[in-house]
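J.: Take a look at what TrEMBL says about it:
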TRANSMEM  D:15-34  transmembrane segment
TRANSMEM  D:40-59  transmembrane segment
TRANSMEM  D:66-85  transmembrane segment
TRANSMEM  D:91-111  transmembrane segment
TRANSMEM  D:118-136  transmembrane segment
TRANSMEM  D:172-191  transmembrane segment
TRANSMEM  D:221-241  transmembrane segment
TRANSMEM  D:253-281  transmembrane segment
TRANSMEM  D:293-309  transmembrane segment
Amino acid sequence: MTRTITRRFLLVSAAVVSTTIGAGSMTTVNAAETIKLGIVAPMSGPNARYGGFSMHGAELAVKDINDAGGINGMKIELFNADSQGTPVEGVSATRRLIDQDEVSFIIGDVSSSVTLAMQPVAEDAEVLLLNAASSNPKITYQAGVGGFKWTYRNYPTDENRALVVAKYAAEQRGFTKFAVLSVDSDYGRSAVTFTKKYLPDFKGEILSEDYYKEGEVDFRSVLAKIRDNGAQAIIMYGLADTTPIIARQILELGLAGKVTLIGNGEFNTEKTIKAAPKAMEGAIEAAAWLPQYDSPASKAFVEKFTAAYNEAPNNHAYVHWDTVNLLAQAIKEAGSADKEAVREALSKIKYKSPVGDVTFDDHNQARLPMILLQIENGKPSIKGAYTAEIQYPAN
Amino acid sequence: MFSTLLEQVVNGIVTGSVYAIVAVGMTMIFGVLRAINFAHGEYYMLGTFGAWFATDYLGLSYEASIVVGVLSTVVVAYVVGQLVMRRMVGAPAESGVLATLGVALILQNTVIFVFGGGYKFFSGGYIEPVSILGFTLAEQRIIILVVCLLVFVGLELMVTYSRLGMAMRAVSQNVECCGVVGIDVPQVVLRTFVLGAALAALSGVLTAPVNVSVYGGMGELITFKTLPIIIMGGLGNVRGTFVAAMILGIAESLVATYIGLQYRDTVGFATLILMLMWRPHGLFSTQARF
Amino acid sequence: MNAHLPILEIKNLSKSYGAVKAVNDVSMHINRGEIAGLIGPNGSGKSTFFDCSTGLARPDTGKVVLDGQDITGWSLNRIAREGRMLRSFQKTVTFKALDVEENLIIAGQMFTFPTLASTFGLGKLSRSRIAALRERARELIKMAGLWDVRHQPAGNLSGGQQKLIQFASMLMPEPKLILLDEPMAGINPKIIERVVDTIQYANKSLGVSFLVIEHNIDVVTSICQRVVVLDQGAKLVEGLPHDIIQDQRVREAYLGG
Amino acid sequence: MSLTDTAPQARRRDLRIPLAAILVVAALAAPFIGTRYVTHSLIIALIFMLPAHGLNLLVGYTGLLSLAQAAFFGIGAYTAGLLAVHYDTPFYVNLLAAGLVSGLLALPLGIPALRLRATSFVMCTLGFVIIGQAIAKNWISVTRGDMGLSGIPKPYFELGPLSFTVTGTTSFYYLALAVAALGTLAAWAIVRSPAGRNMVAIRENETLAESLGVPTWRYKLIVFMISAAFAGVGGSLYAHYLTVVSPLTFQMYYSTTMLIIVLGGGAGMISGTVFGSLLFVGLTEALRVAPEVRMIAYGFCLLVLVFWFKKGFAPLINRFWNAIGGSK
């Protein structure tokens with residue numbers, strides 16, 4: 001008994017030690033010729049439903065760039081690290097990418113609180129952190145001139161989005177009575193906060209305010225309340241996979257056509273609309289991108305992604321794909337993969353994304369065009385693209 | 001005013017039915033094993049995934065997908081039951097927590113690994129609204145309600161009259177004595193476990209059409225919803241679980257309507273804690289009343 | 001403390017469980033230095049009476065006075081700690097995973113460190129007091145004949161040995177009074193002798209008073225100076241052991257019960 | 001080959017002191033041996049060691065299985081974070097406040113919870129985590145809700161002329177090491193005191209302990225508070241290290257992590273918890289070599305732990321420790 005247990009113990013500890021050390025010694029030989037890029041995203045647990053798309057988007061972009069001969073002859077080597085959507089794991093993942101894999105560039109994370117915890121780590125190691133999916137305004141409040149020199153965000157902030165949607169809904173559709181049904185996260189909450197800031201300008205009022213937790217599936221109670229309070233539109237800054245659930249329940253309660261969804265949450269994808277066409281009709285969304293966007297680059301992306309992964313890309317897939325391309329162009333313009341040079345290049349970049357030109361302000365926040373669309377006859381119809389300067393609070 | 005209240009109560013009952021079918025399996029497993037199954041929601045997820053796979057990949061009808069979803073879960077549950085649950089007879093509570101958490105991690109992340117982490121859309125089922133009592137419900141919800149009642153009537157009968165049912169009662173009363181009277185305890189645990197997992201899967205398949213979104217992590221939320229129910233229902237108590245599920249369903253509905261949707265997930269545990277302060281031994285007797 | 005007063009006095013104790021009157025208006029006392037017996041057929045309320053007197057259950061009515069102090073409503077641990085009245089349980093219980101010495105040290109601890117803070121090592125330096133505790137534990141282990149197994153986990157020992165651990169444990173805090181619930185149940189005759197010896201040693205040399213519930217009539221007659229008989233929750237008779245066993249009512253109670 | 005029967009009897013020497021010395025030196029030199037990633041992993045292990053010690057007192061010594069640890073961890077993290085952000089208080093103030101607030105809040109929570117038995121108690125403690133998260137999300141005026149508290153300043157000490165700020169991973173490692181060492185010492189002092197023995201008595205047999213004068217109810221309550229205070233102190237380190245505290249701090253994942261550390265290391269042993277936190281962090285980090293199957297592998301490790309190492313690694317550590325102890 002003693003012997004076997006001790007042996008087992010030794011075996012297990014040997015295995016743990018050797019994998020740790022083994023992982024540590026995996027430094028690549030031709031470091032000069034590859035660009036090391038790390039992706040931090042939730043890949044296990046409930047949040048994996050966002051991380052999976054992020055990873056695929058980035059993979060696709062890297063593959064295309066490498067197939068085309070790389071950037072100035074340098075290939076991109078992609079490392080992925082699981083954040084599980086928790087700050088501790090996210091920081092561990094980041095640390096590992098920086099110290100073990102020796103990456104110079106990191107794209108991540110989806111969850112804002114993870115990104116916020118990653119920022120000081122990247123800053124400390126002087127590694128370029130590109131965020132492509134967190135919307136917490138703080139991330140860029142404290143970046144660039146706000147402090148963190150190495151954080152950039154290629155994702156729209158909620159303020160611009162909220163303004164565009166509120167303005168269109170009020171001025172073009174004449175809505176004045178609104179109900180809030182958004183996700184209970186920094187994204188949902190801050191978008192609604194900004195909406196509240198602008199609504200009075202358009203004589204709009206909010207009749208009820210509800211936030212749902214991630215994974216919520218039962219909206220009947222809230223929708224019944226909205227039916228009874230007579231709101232004309234539901235302000236919904238939600239999660240992509242919740243939109244079809246809400247749409248179906250709008251249908252179920254006989255609210256289709258009586259109340260309109262406005263906000264953001266992949267209202268425009270074919271599957272969402274198909275889930276409840278009558279409920280989605282007339283919905284207004286401000287999106288950074290949509291699969292039907294009519295540009296060759298965007299169409300090519302959708303096609304390639306669908307072919308490679310057997311499912312249509314979503315917004316997370318796109319933003320990560322786009323951010324890899326953005327980084328590639330910055331490296332090309334810098335003429336080298338030197339972090340410092342790439343950072344300089346990024347600040348001055350004028351990147352042509354599939355939806356328009358992207359530049360960065362002094363807080364390292366991308367000025368992104370926001371596409372406003374309306375669902376008409378079961379198809380998204382683009383009503384315009386808006387870019388606005390972000391106003392930063394005085395520190 | 002009254003009609004809103006009535007509508008919310010009905011909503012709550014429908015939600016409660018879903019919880020009840022999942023929770024009853026969990027509570028029966030507790031009855032025979034004295035262990036909380038933190039992986040129980042994963043069988044709900046597996047059932048949904050099986051059905052999604054059947055409709056999306058195999059192109060089967062929704063009815064056929066129910067069978068595929070439940071059967072595939074039964075197979076997985078049988079393997080887990082053989083390898084893990086059977087061996088947990090008489091293990092301390094801590095081991096139960098860790099082992100079932102391990103199983104949850106394995107099941108959840110294997111599905112993510114195989115099918116990809118992204119969410120899927122479930123198409124199929126009967127989602128057209130019908131009108132009753134002046135408000136509308138999807139047909140599927142009526143199916144859920146009916147199935148829930150059938151399940152509980154069936155369980156009552158099974159527990160009272162079938163051999164497995166009697167063995168389950170015996171095991172939950174006293175594990176030591178079962179060995180003496182020739183009841184194979186691990187076998188009873190295994191069968192109860194597979195039955196419980198199948199019920200969870202059934203609940204998953206039935207709700208898939210109205211819940212639409214299918215993804216690997218969906219089981220965790222259901223586990224958390226059912227945990228307070230099984231405690232309130234009196235661990236191992238089938239009827240108590242039914243009542244507790246209905247109470248929670250209705251309470252959630254009312255909280256979502258009159259207080260705010262953001263507090264909905266807290267209702268279960270808040271109700272549980274309040275109830276435990278009032279009656280530390282639960283609303284119903286823990287003496288397994290199968 | 002008046003030496004003439006009984007060490008324990010129980011007045012008009014009653015306890016019901018639902019409609020069942022488990023103990024109905026029972027009074028009794030134990031004199032200082034006495035070994036008293038409590039007998040009665042099964043279900044006569046002996047255990048309930050015990051539980052109510054020792055704080056494990058709360059009596060509905062009645063009063064428990066220990067050494068002149070009213071201890072009615074005190075908790076089990078407070079009665080043990082502050083009243084120095086200890087009790088055993090019908091089922092032999094020890095701290096199974098701990099060795100014999102630890103078992104005894106735990107038994108003495110709350111009397112050496114009566115405040116909670118002092119057990120955490122706050123206040124006066126406690127090392128010498130722990131050493132004294134260990135010393136006393138070793139003496140009692142020797143007396144109980146457990147010296148050779150003192151470093152064995154209690155759970156590994158035989159039922160009889162565990163019973164001895166239990167007795168030795170109860171002597172650790174220098175108790176005034178010990179209540180024994182069927183100390184001879186399920187142990188072999190050799191150990192019975194040993195237990196009897198231990199009880200008598202504690203009574204004579206350490207001055208501990210006893211109240212013993214016991215079914216073994218031989219033991220009762222040999223050690224008890226006075227016996228109380230309970231039947232159906234009420235006191236039937238009280239008297240000298242050999243008078244009691246001849247009492248017609250007692251015989252009827254046992255046979256008819 | 002087993003360690004117990006290698007060295008011949010006559011030549012056995014007590015290797016415990018040299019080994020302990022090596023371990024101390026290794027702990028002190030760690031940041032200079034490994035990369036910063038290793039240092040970071042060690043910091044995480046040290047941060048989790050504190051709540052794990054608290055949980056060990058509760059589960060391992062007193063026999064109360066609790067999942068509330070993440071709730072007190074979160075309370076501690078928010079307390080330290082709020083103090084640091086709003087009042088810019090020195091580190092030790094935040095740390096003590098975090099421990100105090102968590103410990104004191106455990107009193108009103110523990111009184112109803114500890115009346116419950118077994119499973120109900122476990123679920124009640126899990127409820128604290130769920131409700132804690134809801135409060136952190138919805139009490140926006142204080143916690144900033146989902147926005148979380150970010151930009152928590154680096155820990156600084158204000159000791160007259162000796163004022164300094166802890167910057168960089170290496171310095172933080174020493175800070176965490178010092179706090180964890182003090183925590184370990186405190187836990188050790190508790191379990192070695194008569195109170196520790198009383199806790200074990202409660203674990204072994206509550207009624208018997210009660211009959212021997214142990215005020216079990218008060219002990220359970222005090223241990224629950226102490227364990228919460230440990231979690232709170234861990235939370236303050238967490239807040240300062242990650243610089244961000246969000247409602248996500250209240251999640252069952254952290255509670256189970258702490259439970260895995262305690263049970264994996266070996267419940268009812270201080271060295272088990274120390275070893276457990278290193279093992280746990282080592283394992284989760286080692287599994288990063290295969291991100292896709294990482295959590296699957298982790299799940300299997302849990303099963304291995306439950307079925308093959310029922311008592312965790314503590315018995316092995318004990319045996320090893322005695323084996324190198326030499327002959328008497």
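Cβ from N, Cα, C; glycine included.
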J.: Looking at the stretches D:40-59, D:118-136, D:172-191, D:221-241, which one shares the most CB pairs under 8 Å with the transmembrane segment (D:253-281)?
T.: D:40-59
J.: Using Cβ atoms and a strict cutoff of less than 8 Å, what residues sit near the transmembrane segment (D:118-136) while being 6 or more residues removed from its termini?
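T.: Distal contacts: 64-68, 70-71, 74-75, 78, 109, 112, 143, 145, 246-252, 255.
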J.: Would the transmembrane segment (D:40-59) and the transmembrane segment (D:91-111) count as touching if the test is at least 3 Cβ pairs under 8 Å, pairs 6 or more apart?
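T.: The transmembrane segment (D:91-111) and the transmembrane segment (D:40-59): touching, no.
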J.: Considering only Cβ pairs within less than 8 angstroms, which of the stretches D:15-34, D:91-111, D:221-241, D:293-309 has the most against the transmembrane segment (D:172-191)?
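T.: Out of the listed stretches, D:221-241 contacts the transmembrane segment (D:172-191) most.
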J.: Who are the long-range neighbours of the transmembrane segment (D:221-241) in its own chain, taking Cβ under 8 Å and residues 6 or more past its ends?
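T.: Sequence-distant neighbours of the transmembrane segment (D:221-241): 43, 46-51, 53-55, 57-58, 61-62, 64, 66, 68-70, 72-81, 84, 91, 94-95, 97-107, 110-111, 113-114, 149, 152-155, 172, 175-176, 179, 183, 187, 190, 199, 249, 258.
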J.: Do any residues, 6 or more residues outside the transmembrane segment (D:66-85), come within under 8 Å Cβ-to-Cβ of it, and if so which ones?
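T.: Distal contacts: 51, 54-55, 58-59, 93-95, 97-99, 101-102, 105-106, 109, 113, 121-122, 125-126, 128-129, 131-133, 136, 142-143, 149, 151-153, 224, 227-229, 231-236, 238-240, 245, 249-256, 258-259.
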